[in-house]
Structure formats: structure tokens, C-alpha cells
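Remarks on the structure that follows.
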Amino acid sequence: MDAKLKPLSQSVSIKGDTLFSRRIGLKGARRIAGGLWVLGLFVPALFDNAWISIAAIFAIYGIVALSEDIILGRAGMFDMGHAGYFGIGAYVTAILNVTFGWPIFATIPFAILVSAGVGALLAAPLIRLRGDYLLVATIGFNAIFVLAMRNNLGGITGGSGGITDIGVPFLFGFQLASQSAMFWLDWVVLGIVLVLMRNLDASEFGRTLRYLKQDELASTTLGVDSRMVKTLAFAIGAGLAGLAGTLFAVQISTVSPSSFVFTESVTLFAIVIVGGQGSIPGVLLGTALMFILPQIFRDFAQYRYLIFGFAMIAVMVLRPQGLWPQRSVRA
Amino acid sequence: MGTFIQQVFNGLTVGGIYALIALGYTMVYGVMRLINFAHGDLCILGAFIGLTMLTSTAGSGHPGPALLLLAFVVAIVLVAAAGVVLELVAYRPLRKADRLAAVISALGASLLIENGIMLIWGPEVAVFPSGLLPRITWHAAGASISFVQVMIIVASIFLMAALYLFVNHTRFGTAIRAAAIDQDAARLMGINVNRVIAIVFVIGPTLGAVGGLFIGIYYREAYFTMGWTYGLYAFIAAILGGIGNIPGAMLGGVLLGLFNAFAAGYVSSSWQNAITFALLIAILLVRPTGLLGERVAEKV
Amino acid sequence: MSALLELQGAGISFGGLHAVDDLSFAVEKGHIVALIGPNGAGKTTVFNMITGVYRPTKGKVCFQGQEITGWQPHAIARAGIMRTFQTIRLFPAMSVFENVRAGGHLRAQQYWWQGMLSLPAQRREETALAERTHEILCKLDLDRFANEPATSLPYGVQRRVELARTLAAEPKLVILDEPAAGLNDAESSALNRTIFGIRDSGITVLLVEHDMNVVMNVTDHIVVINFGRKIAEGNAAAIRSNPQVIEAYLGRDENEAENVT
């Protein structure tokens, strides 16, 4: 607490470094991820509008799934109401833009703060619920949110039809109206979120989440304020979901309750577990499987959920740790 | 006063159905610590199977109650079989795995069954035939109680009493209770835990199929997403009572049914569900493990 | 002079059963103090009361003259008390290095947003944290296990890792719950030296132990409890000849009694 840790002199070889060099595979994977992200920037040049919009949707849901992974995969809290925070962000942007005439970019901080605030307010009392009970309570939150939107809460949410005609964002005087421009916006935000997530994993706060997940009692006796840390994790995860909500409102130009129903929360939950908890590539892979594959196999649309259901069972039975699990010291 | 009595009976009818379905959730949770998200869909599968039986035997000239009984028997047998297969394929391989893996497997099974129902019976609302049961309605103090309601309430009480006796006064019931407390210890005492789990996956879907068919008969309709709606309600009932606790599921079901009926009777019905979920969260805050659930202290 | 840790009539009951009752003792700064007693005497419960895992139902716990009764475990850790567990509680999916680094949680001053933005100050702290962890690993002869999965190691090593984790927090008082359990003779004498080393670095030690070789050779002061109450207190020689202590142990377990006498 009191004494500052002294910085490391160059000559000392640190065990942490050895540990790190073992992760060359991980570093390599990061380089590949960076490369893929750069390649993604060329999607608008190579594909037609339908595909560009699919890629934009992937970026948006990728952010939501990564934010769910902070709460579920890293901190180990069973949040099955995540579509609610996503929806709050989308509604905040829609209401401020359509009803109050704010520019889209000005709504972003509010979308993040309101979602994060609701996440924290909800989490603070619920955090002491264990496992399945927290899961049920978050399902309840999601259901209440959707019903409130549907019943036109305060006369500003537009009921079942939601809010339409959301404006386009302006950046330095340029109108980001084309599908390509919106895609680049989504893609850049995804890039930023990926960097934030990587940093989180290498920070004390990120590690604290894992301590809590693995042994809460041991963590608290090491000085971890579990209530504070868990509430904060909920707020950060919800805030990032709210950010994605803004992007979603812009992309679709309409927000309605049906986009944020409990089934969406289940899908996000499944993405994290099927992809691999706490694993950035795993979660993105999961997002791609859940949101891109269905677009490719549109002819089989009516079998979509049947196949999903089957795949979820099959993946869990064959690979309970997920498709691309997080690197772990456990062999 | 008339409204009050009316809502009590409406609530008890729905509550009885919730309780029947909730028992399936709670028994599986008690033994396996798993939320069987597919349970609600299994129940509605029962409703559809029963409906198919009723429509295909209608006009055969046999008396209505006999046809109804046949529909129940066929629905129970097929749904119980589906339950056993579900456990074998989707849950048994994951018994030692991370609990979340089983949760996802259960959600997958739910999607599979729900969409299977849609592909077989179609996405439209299916209507139950009328005239199966005597159209008797009793009127008292401004309330009217139908024969269907009385049948559902009586049958629910009978089935719950039977389950209670089975679990508390038979050897097999003892085995179920032992496995719920400690699977390993039960195994060491010579209890075949696999068989206990298989039996739980027969009993739960059996009660669930009855509950599902009751839903169809009471509301005279069935649709493929019904499993989620009613499954979630029954599940909330199980949580309210304290999941894993059999009397808790019964109590939770009846309380939730009554609460819903009064919320619908006195408050706007468009907010009814929101109020139910708010109640759920409030109860969890006051009693984090439900009304009859036990607090488990961690041994250090 | 006031003691570092003081229990004043502390007690806890679970549903009417007095697991610990009216217990008073003090731990002087710089001492090594042992809490002993037959199995089931309530020793671990006392530790759980001190570290906030359980809330005492009566009496007071004071640390550095400040009352900490009923504080949350993390607040008590922050005050400077760290502990190990009788059933070792290492983070299972982490390496030895990562486990010991976790002990430095309270030393880290970075905020979550500094971490997410990877600011220079945060990065400097990360390096310093890694260096400090490495130093502790070397001190406890654990550096060669640094990258091993913590829970795959032999029992004795795991106990050392847990001890290293508490030391990484630079506590004022460490509480060790049966540090010698599961150790062989060589490891157990090495443990004696380690405990002296901890004391010499200015950290006060309170331990529960059954291994009388450890208890009699390292402690400055011994507190004996039975059935949740204190029956004796004093230095090793006094405890060895105390008839009540002998009776308590004879009544329970002959082996342990032989060790005492």
C-alpha cells in the first residue's frame, strides 16, 4: 500500500518473462488477429453491400459477446440478461437522436454510462447471489427491460414497434451514410475494444476477476473487495454492451424490443461458452458461427435453430472447454 | 368478492400446472445441480402429442374421457422416453465437466426440441378440440368455476401427493434423496446413481407431460414457443420455493399461480410478467436461496 | 506496550453450539505464537474469526490497537493480516508465478482504466510486480517451479507456494493453518527455518500446528484451547508440563500426547 514498487532493472531476468516467452504461440495468434483485422478493413472494397452489412453486424455482436465475456468468462458471473444492456445503449442513442435531435456521436457517452449505471445498480445487490440464482435474476432483468420497452415506458420508447428513422453519424463534417462508412466505424470500434480487452487481461484488474472466479474466499483473504470488483466488472461489461448498442441503432436505423429479448442473451451466453471462456479468439469464433453462418445458409433458415441446438449439444459433449479455450497452465 | 374467489380458483388451476412442471426442474436440479432448460419444451411436446392423439381419434365414437385418458398415456410415455434419451445424450457425458457446459447443452436441447416441434407441427397456433369434457360450470358468490379447472386442481393435488409419498416413503425415493445430498456417498452406499438419474428423468417429464397437456386443454391452444413461456414460469416457481426442494416447487407453483392471477385481475395484464419477474428478483434479494431452500455455508 | 493482535472474550456460536467461547489472548509484535489443541478444539474457527471469514458473535478482535471485529475479510487483509488455509487454496488454473503474484494484489496501485489503457505507470508497476514476485519465489526456493501449474505440485511445495503468496502481500501478521501438515521430516525442518526467516524479516507469525516438532522448536508463546476455550498459555516448557494440557491430549489421542510430554 505505502511503499511504491521499484521499477525493474534491465539485467534481471524475470520468471514472468519466461512465462511470457512460452506464450509465443499466443503472441503469434495476436499477430494473426491483427492481420485479420487489417484485412477486414478491405471488406467494403471486395464484397457487395449485403456482405458488408454482415461484417458490420459481426463487429457489433463481436463487441457485445466480448463484453459478456468480461462478466461471464473472466469474472465467472452467470449473466443471462446481457442483451438488456445492449438494448439500453441502443435505446439511449435512439431516444436522444430521434426525440431530442442529438448527433449520434454525442449520444455515445450516455449510451455507455446509462448501460454501465444500470449494470452496476442491478449487480450491486444481486452480486451475493450464487451461480444459478444470479442467472435467474439476470433473466428477470432482461424480461423486465423488454416488457418496459414494449409497454412504451414513459411514452418515449415507442412500444412494440420501437423507434425508427435513427439518423446517420457525422464525423468531421462527413456523413457516414454508406454501408461501407458504417462498417468502418464498427470495425474501428471493434479494434479498439480488442485492444482494451487485451490490456485488461494483462492488468491487475483483469487478473483479479480470474482470482475471484477461481476461488472467491482465497481472493478476499488476499484483500480483494469482491463486491466492488464484481460490480465494477458488471458495469464495464454493460457499458461496452451499451457502446455496441449505439452502433447497432445506427446500423439498423431502428430499435425495437424484439432485438433485445432473452433469446439474444441466451445466444450471447452460448457464444462465450461454446467459443471458450475468457478467450478473445474463441468468443469471436463463436460470434462468427452464430451470426455469420446463418446468413450463408439462408436457404435452411427454418432449420437454423434446430441446427444451433444440435451444434450446442455436440460441441459441449465433444469439447466442454469450448472450441478455442483460453490458454491455461493446466495441461 | 366474486373477483377474489374467481382469481383464487384461476390461480390454483395455473399454479397446479406450474407446480407439476416445476417439479421436473427441481428434481433434476436436486440430483444433478443442472437447470434442465429443455424441460419446458418437453412439456409442450407432451401437449402436441396429446393434441395429435385427440384429433386423430376424434369421431371414432369412443367416449371423450376415454380418448382423453389415452392421449395422456401416450403423451406421458413418449415424453418420458424423450427425457431419458435427452439425459443419456446431452447430460450424462457432461456430468464431470464444467457446469456451464451442461447449461449450454441444456439450452441447445431446448432449441432442438422447440424447433423440432415447429418443423413437425408447424409454426401456427394449434387449437384443441372442444367437447372433450363435460361443459359443467359451477357458480358461487359471483365466481364461475369450470369442470376443467376442478379436474386440473384435483389431478395436480393427486399427482403431487403421489410424488411426495413416493419420494419420502419408498426405497427408491430414499435413493433419490440420498443422491441429491451427495452423489458419491450414495454411490458408496450401493445406490445406482445412473438409475436414480434415469428415474428422475422419467418422473419429471411424466409430470411435465401432464402439465403441458393441461395447459393445452385449459387454454385450448398450443404453439411451439410455449415451452419457453411456461417453462420459465415453472422454473421461477421452482426458484421461489427453493430449487432442489420438492415441497418448495409445489409451494412456489401455487404461490406464483395465485400471484399471477391477482396481478392479471387487478393490475394491467401488459405489466403482469414484469411484476412477476420483479417479485422473483425481490424474493431472491431477501431470501437468496428461495422460500424453502437451505442456506449452504462454505466449509473453510 | 500493546499487542499486535488481541482477542478479548471473543466467541462464536453456530446455532446454539459454542464453537469458540470467551477466548482471550494476545500476540506480541515480532513473536511466533502457536495455537494448539486437540482435533475439533476450534483452532481453525479462531483463525476464521480473526480473518473475517466468520463474524464473532461476541467479544472483540483488535489489531494494532484498532478493533477489527466483524470487518470484511478483504478489509482485514488490507489492515495487514494474511493467512494460509488448512486445505490449501491455490488458484487451480494458474501457475506458481501467477499464484504468488496474486498475493501482491494489495500492493498494486493501478486503477482498472489504467490497466485497460495500458498506461506507462501501469506497465512499470506490472514489471515491478513481476520482479518482486520473482524475488519471493527465489527466497522460498520456488523459482524452479515458477511456470508449473500450482495444483499439480507435491503437497509440501503447494504449502510453500501458499506461504509465498501471503508474503507477497508484505503483511504485518501471517496466520498459518497447519503449515507442516503433509510435509516429510526434511520439509518440516526446512519449514522451521522458513518461519524464523519470516519472523526475522519483521513479520509476526501465528500458527496452528499438530507437529510438535514445529510447535516446540519455533514458538515464543503457545496458546492451548480445547472445546473452544483456552485451557493454558505460556512458553514451550510451561506448556509441556501443564497437567491440563496433558490431560486434554491424553483424552483424545495418545500419539499427540507423547509428542507433548
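Using N, Cα and C of the backbone, Cβ positions are placed for all residues, glycine too.
Copied over from TrEMBL, here are the features:
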- B:12-30: transmembrane segment (TRANSMEM)
- B:42-60: transmembrane segment (TRANSMEM)
- B:66-88: transmembrane segment (TRANSMEM)
- B:100-121: transmembrane segment (TRANSMEM)
- B:141-167: transmembrane segment (TRANSMEM)
- B:196-219: transmembrane segment (TRANSMEM)
Region pair the transmembrane segment (B:141-167) / the transmembrane segment (B:12-30), three or more CB pairs under 8 Å: yes
Residue numbers, six or more beyond the limits of the transmembrane segment (B:196-219), whose CB comes under 8 Å of its CB atoms: 13-14, 16-18, 20-21, 23-25, 27-28, 31-32, 36, 39-40, 42-51, 71-72, 75-76, 78-80, 82-84, 86-87, 92, 128, 132-133, 148-149, 152, 155-156, 159, 163, 166, 172, 175-176, 179, 186, 226, 230, 234
Beyond the flanks of the transmembrane segment (B:42-60) by at least 6 residues, Cβ under 8 Å: 21, 24, 67-68, 70-72, 74-76, 78-79, 82-83, 86, 113-114, 117, 120-121, 126, 128-129, 132, 205, 208-213, 215-216, 222, 224, 226-227, 230-231, 234
Contact set, same chain, for the transmembrane segment (B:66-88): CB under 8 Å, 6 or more residues outside the stretch: 38, 42-43, 45-47, 49-51, 53-54, 57-58, 60, 109, 113, 132-133, 197-198, 201-202, 204-206, 208-210, 212-213
